[in-house]
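**Student:** Residues or ranges marked as transmembrane segment by TrEMBL: 51-69, 81-102, 114-135, 156-179, 191-209, 221-239, 245-263.
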Amino acid sequence: LDSIDGKHARRTQSSTPLGELFDHGLDSWATSIFVLSFFSVCSRDNGKTGVSVYTMYIYLSIVLFNFMCSHWEKYNTGVLFLPWGYDISQVVLIAAYLLTGALGVEVWQKPFLFGYYITDALVILLIGFSLLLSFPQTLYNIHRAHLKKTLKNDSLYEGLLPLVSPLLLFILLTIWVVLSPGNILAKQPRLFLWMVGVAFSNVICKVIICQMSSTRPDLFHWFLFPLALVVYASISGLLGWMEEAALALFTVLVTAAHVHYGVCVGKQLSEHLNIYIFSLKKRVQE
């Protein structure tokens, strides 16, 4: 139903910023959950078959990067242009579920063609779509808006501002993955990837609200500060055997903060726009 919610909202004359936030905000969260589900389907690397946790981290990072670029583009141009790669990714994911249901998980553990596995082909397709289609299309659309003088932000600083927090978030997380003395990603892959998805979703949701309201995003998202402390304590050895506990605690923190943020913003928009959430009825004016 992802592609028809906007059409239905316009048909019922109920299209609002609240609906846009629900749609894209939940997409930003669901994107990481889809990657986690694919990780479970194709299984973890056992030395012969499966996908390594590091490949899945790169896979998730690329998917989130694509999502971020689309909303960064809208922040600058005012137009959300989704390349057809998004539709292809949904079709491929559905096909993967159906293939697993019909043939079993063994289909991911056998060579598909010339000794390569299906997962190898999917990763190549993902990187290809991202680097050769989605990202270049984003840059082209921003450049075209610049030539037409329709950019919402004339300043280069203002235009790049939404990218600062996501890039710093990715740098800190990658440092943790690479330098973790306890190999945290290998020990807690799903918990770590869940945390990555939730943190990025909150950062992207704030960019979505900024582009909806024509306001400036914060230079540094507040998640960066506790994350930097946890990463430093982990890679310096201060946490020792408590690194996994610190990951769990930070994951609970960002998940609770993200849910709280979504509920509060949803209620505020509901009251401001005089509408109910999940209902076409108007609020009764006080």
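The backbone N, Cα and C atoms fix where each Cβ goes, glycine too.
Tell me what's around each of these sites.
**Tutor:** Long-range contacts of the transmembrane segment (191-209) within its own chain (CB-CB distance under 8 A, at least 6 residues past either end) are made by residues 20-21, 24-25, 28-29, 31-33, 35-36, 39, 56-57, 60-61, 64, 67-68, 71-72, 75, 162, 165-166, 169, 173, 177, 184-185, 215, 217-218, 221, 223, 227, 247-248, 250-251, 254-255, 257-258, 261-262, 265.
Listed as Cβ neighbours of the transmembrane segment (221-239) (distance under 8 Å, sequence separation of 6 or more from its ends, same chain) are residues 165, 168-169, 172-173, 175-176, 179-182, 184, 199, 202-203, 206, 246-247, 250, 253-254, 257.
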**Student:** Taking the transmembrane segment (51-69) as the reference, which of 81-102, 114-135, 245-263 gives the largest number of Cβ pairs under 8 angstroms?
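**Tutor:** Per the Cβ under 8 Å count, 114-135.
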**Student:** So which residues does the transmembrane segment (114-135) touch in its own chain, when a touch means Cβ under 8 Å and the partner is 6 or more beyond its ends?
**Tutor:** 42, 49-51, 55, 59, 62-63, 65-66, 69-70, 83, 85, 88-89, 92, 96, 107-108
**Student:** Could you tell me what the rest of the chain brings near the transmembrane segment (156-179), counting residues at least six beyond its ends with Cβ under 8 Å?
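**Tutor:** Counting only partners 6 or more residues beyond its ends, the transmembrane segment (156-179) has Cβ contacts under 8 Å with 54, 57, 61, 64-65, 68, 71-72, 75-76, 142, 185, 192, 196, 199-200, 203-204, 207, 210-211, 216-221, 223-224, 227-228, 230-231, 234-235.
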